[in-house]
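I have placed the structure first, in the form of structure tokens, so that the comments after it can refer back to it.
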Amino acid sequence: MDQNAMKKQAAQAALQYVKPDTIVGVGSGSTVNLFIEALGTMRNQIKGAVAASKNSEALLRKQGIEVFSANDVDSLDIYVDGADEINPQKMMIKGGGAALTREKIVAALAKTFICIVDKSKQVEVLSAEFPLPVEVIPMARSQVARKLASLGGAPEYREGVVTDNGNIILDVYRFPILEPIEMEKNLNNIAGVVTNGIFALRGADIVIVGTPEGAQIID
Ligand code: 5RP
């Protein structure tokens with residue numbers, strides 16, 4: 001079974017957590033795009049969605065789903081998003097699609113974070129393989145890169161990418177993260193860092209993994 005089919009299984013299985021008459025938090029990325037497509041079949045049962053990227057916003061509208069601003073809601077019942085990596089503690093690396101900051105904001109509104117991934121995303125140690133994305137205010141790019149290098153990583157400027165918030169992304173290579181909560185806090189304290197892609201302080205509550213044997217639910 002190919003990766004896309006496994007992503008589709010996870011996306012489809014997430015529909016069982018969508019409650020009628022609620023506003024659904026929706027992340028971004030290719031797995032979430034499949035979830036949005038599936039959510040379209042429930043468009044008449046939900047109030048709408050809050051999206052974590054302009055791209056997801058456009059796709060939700062295309063499905064006939066009303067999009068609310070994060071400022072319009074006090075809380076969300078669920079937030080559904082993908083991940084670049086997820087560990088057994090349900091902590092994640094996110095931001096492969098450069099939407100990490102808005103993803104963290106919408107996730108923070110949700111009672112339940114549902115992470116939908118294919119099985120290739122499951123790892124023991126975060127960021128040992130996938131580089132850690134860090135969203136940075138453009139004027140702080142060089143100094144933040146120096147600081148990340150002094151912490152042992154190899155930061156690379158993601159050429160040609162501007163986030164939905166008008167910032168840039170540094171991808172930190174060779175940066176295995178052994179203490180995700182501490183590292184998430186430390187990196188967010190660097191002047192010029194908007195957010196880093198470690199989702200450990202607020203990890204997932206439920207993980208749905210697409211596998212050749214079907215969708216596996218870890219809660
Ligand atoms: C975007 C993200 C995505 O959730 C992450 O990159 C996974 O993407 P995909 O579902 O395409 O594999 O964090 O910023």
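A Cβ is built for glycine as well, from the same backbone N, Cα and C atoms used for every other residue.
Neighbour count (other Cβ atoms within 10 Å of the Cβ, all protein chains): 29 for Lys94 (substrate binding site). The secondary structure of Lys94 (substrate binding site), as reduced to three states from DSSP, is coil rather than helix or strand. Taken from TrEMBL, the feature substrate binding site covers Ser28, Gly29, Ser30, Thr31, Asp81, Gly82, Ala83, Asp84, Lys94, Gly95, Gly96, Gly97, Lys121.
Within 10 Å of the C-beta atom of Glu103 (active site, proton acceptor) sit 30 other C-beta atoms, taking all shown protein chains into account. According to TrEMBL, the feature active site, proton acceptor maps to Glu103.
With the fewest other C-beta atoms within 10 Å around its C-beta, Ser30 stands out among the binding-site residues Ser30, Ala83. Shown in sequence order, Gly25, Val26, Gly27, Ser28, Gly29, Val32, Ala52, Lys94, Glu103, Ala107, Phe113, Ile114, Cys115, Ile116 are the residues of the chain, 6+ apart in sequence, with a C-beta less than 8 angstroms from the C-beta of Asp81 (substrate binding site). Annotation for Lys121 (substrate binding site): same-chain Cβ neighbours under 8 Å, separated by at least 6 residues, are Gly82, Ala83, Asp84, Glu85, Ile86, Val209.
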